[in-house]
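Per Swiss-Prot, the features are:
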type	residues	note
COMPBIAS	219-236	compositional bias 'Polar residues'
COMPBIAS	336-345	compositional bias 'Basic and acidic residues'
COMPBIAS	362-376	compositional bias 'Basic and acidic residues'
MOD_RES	Ser178	phosphoserine
MOD_RES	Ser190	phosphoserine
MOD_RES	Ser534	phosphoserine
MOD_RES	Thr579	phosphothreonine
MOD_RES	Thr582	phosphothreonine
MOD_RES	Ser595	phosphoserine
MOD_RES	Thr596	phosphothreonine
MOD_RES	Thr597	phosphothreonine
MOD_RES	Tyr599	phosphotyrosine
MOD_RES	Ser602	phosphoserine
REGION	1-28	region 'Disordered'
REGION	153-175	region 'Disordered'
REGION	214-236	region 'Disordered'
REGION	336-403	region 'Disordered'
Amino acid sequence: MSTPAVPQDLQLPPSQRAQSAFKEQRRQKLKEHLLRRKTLFAYKQENEMLSSSRDQRVVTSEDQVQEGTKVLKLKTKMADKENMKRPAESKNNTVVGKHCIPLKPSNELTNSTVVIDTHKPKDSNQTPHLLLTEDDPQSQHMTLSQAFHLKNNSKKKQMTTEKQKQDANMPKKPVLGSYRGQIVQSKINSFRKPLQVKDESSAATKKLSATIPKATKPQPVNTSSVTVKSNRSSNMTATTKFVSTTSQNTQLVRPPIRSHHSNTRDTVKQGISRTSANVTIRKGPHEKELLQSKTALSSVKTSSSQGIIRNKTLSRSIASEVIARPASLSNDKLMEKSEPVDQRRHTAGKAIVDSRSAQPKETSEERKARLSEWKAGKGRVLKRPPNSVVTQHEPAGQNEKPVGSFWTTMAEEDEQRLFTEKVNNTFSECLNLINEGCPKEDILVTLNDLIKNIPDAKKLVKYWICLALIEPITSPIENIIAIYEKAILAGAQPIEEMRHTIVDILTMKSQEKANLGENMEKSCASKEEVKEVSIEDTGVDVDPEKLEMESKLHRNLLFQDCEKEQDNKTKDPTHDVKTPNTETRTSCLIKYNVSTTPYLQSVKKKVQFDGTNSAFKELKFLTPVRRSRRLQEKTSKLPDMLKDHYPCVSSLEQLTELGRETDAFVCRPNAALCRVYYEADTT
C-alpha cells in the first residue's frame, strides 16, 4: 500500500537522519543503554553481597570518578544536535570514542556511577539509598551537572569514612567514678553530691538500656528496610528482635530500686562494664555537629526526650511479643522513666535558680526613692521631718557599708556622741550669755561660726531659741513669729520646746508693755495736775500774751528735742534694736492733730468775759499722732467730705496756714507716744 504523494509546496526539506554520523550516534546511544542495564544488574548483585556480609564497603577513588565522567561526556556530546552540520572529522571522533570505551567490570562501573550512603554503616536503622533504578527516566540520561554532583558526593562520602576511622582510633572517654570496670560510690562522692537511691537505679538502668541496643545488632536482611525516623513499624520489629536476644541478660541483671549494697547491683555493674567493653559506641558526624551547636540545657532536654521515645517503643515491643516476662521488663521501664523525670526536675530547678539570680536585687535606697515618687505623685508630703541631724547620717553609712566590724561601729557611735555633746555645749553657753546680758553681736558671731562649721545644726531647736531670746523685749512680735516660721521650715526638732519658748517671750513682752503704760499714765497725770495748779495760782491776772509766748516757747523746745532724738536714732544703728518704732519708721509718720474740746471752749469764754484777754480768739489742742503712709496716700485722693475733720500738720510752720495768727494752741501729750516726751523732759 503506497502513501499518497505530497505536493511540493508542503514537502519538508530533506532530513539529516540518513547521514552516517547520526546513524552512528543512535547506535552509540543504544549501546550505552545496554551498558547501563548491565550496570544496574551488577549493582543489585553487589548490594545483596554487602547486605549479607556487612563488612565490605564501597570505596570510591578519584581516578574511577574521572573515568566515569569521561564516559558521560562522550555519551552526551552529540545530544540534541541532529539538525546541525558537523565537520568531516566528527565520524572519526565517534569511532575513536567507540573503540576507546571498553566494557569494564561491574564493580568498577558501580563505583564510578553509583552513590551509596555509607553514613552510619553500623547502625541497623539506616539503609543505603539507590539513586538509579530501571523505571526511573532520569537514570537513562546523565547530564554534566549530574556527573559533577556525583563526583562531589563521592568526595564527601570518602571524607566521612576517614572521619569515622579517626573517631574509632581516638581513645574512649573514661566513665566517671569507675574502677576496674565497676562504679564505686566513694569515687562518685568525691566529685559530686551523693544522689538518692532512685537516681542511682535510674542512671544504672539508663546505661544498661543505652549499651544493649548498640551492642547487639539485628539481622542484615532487616537493615535494608529499617530507618530511624520514617519507618516506625520496622523499627518496632527490630527492637523486638534485639530485646528478645538480650532478655536473658535483663533478667539476670535486674537492679533493685531500694537496696544500696545488694548482690544484684554488683551484677548490674558487671553487665554494664562487660557490654561497654565489648562494643565501641560512636556517633555520626551530623550528630556531633548538633551536639556541639546546642547548649547544655537543650542537650539535656533532647536526651530526655529521646529516652522517652526509646522507652515507648521498647514497652510496645515487649507487650506485643514478650508477654511471659512482664515483671522484669516493667521494672526496667519504670527505672528508665525515672531518669528523664529527674533530669526534667534538675533542669527546671536550675532554670528557676538562674532566673532568680539574673534578677537584680533592689536596694533600700531605690525602694525609698520609688516610695517618695509615688507619694509626690499622689500629693502626699511628710508632715513631720526626720528626728535629728545625727540620726540621718547613720542609715546612709549603713547602706553603703552593710557589713562592718563591731569595733568600727562602736567607734562611730562614740564619735557621734562626742559631736552631739559639743554642739549642745555651744548652745548652752550661748543661752547663759543671753541670760547674763551679753551684747547681741557677740552671740550672733558665735552662732554664725557654728553654722558655718556644721550647717545641719539649724535642725536643732536650741539654735532658734537663741535667736528668739536675742531679740529685745521692745522688738515687735512679728520678728519673733518670723523666727518661729523659719525654725519650722528648717525642720527643727523638738518643735514643742520652741513653742513653749515663744509663748514665754510673748508673755514677757505683754507684761513689760503693761507696766510701761501704767508708768507713763502716772507721769502724764502728774504733769497735768501741776499745770492746772499753776494756772489757778496765777488766776485771771495772768497776761495772755505772756502765756501764749511761754506756751509757744515750750512747744518749740519739745518739738526740737523730739526732732533731735529722731535724728540721733537714725544715725545710731545700734539704737534700732532697743526702740520698737525704728523698723516701722519708714511706713509711719508723726503728725500733729489740731482739735478742740468743750473744755477749751469754756476756758475761752472765761477769758473773753474777763475782757482783758483780747489777743487770741481761738484756743485749740495740738496732739502728736502716728499716721500710716499708705493710708495717708489713699485718703489724700478722697474728696473733702470724706476726709478727717480735724486736720493734721507735719510741722509747726504749717499751723499758720491752717488758721489766723490770733489762734492759740495748747500742746497735749499722747499716751501712745508719751515715751518721746518723757525722754524730752528728762533731757
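Using N, Cα and C of the backbone, Cβ positions are placed for all residues, glycine too.
All features noted in Swiss-Prot, drawn onto the structure.
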residue: Ser178; record: phosphoserine; CB count, 10 Å: 16
residue: Ser595; record: phosphoserine; CB count, 10 Å: 15
residue: Thr596; record: phosphothreonine; CB count, 10 Å: 14
residue: Thr597; record: phosphothreonine; CB count, 10 Å: 13
residue: Tyr599; record: phosphotyrosine; CB count, 10 Å: 10
residue: Ser602; record: phosphoserine; CB count, 10 Å: 11
DSSP-derived helix, strand and coil totals, residue by residue, for the compositional bias 'Basic and acidic residues' (362-376):
13 helix, 0 strand, 2 coil
Spatially, which candidate from the modified residues Ser178, Ser595, Thr596 is nearest to Ser602 (phosphoserine), comparing Cα atoms?
Thr596
Would you mind reading off the Cα separation of Ser178 (phosphoserine) from Thr596 (phosphothreonine), to the nearest angstrom?
130
Is Thr597 (phosphothreonine) helix, strand or coil when read with DSSP?
coil
Tally of residues which DSSP labels helix, strand or coil - the region 'Disordered' (153-175):
17 helix, 0 strand, 6 coil
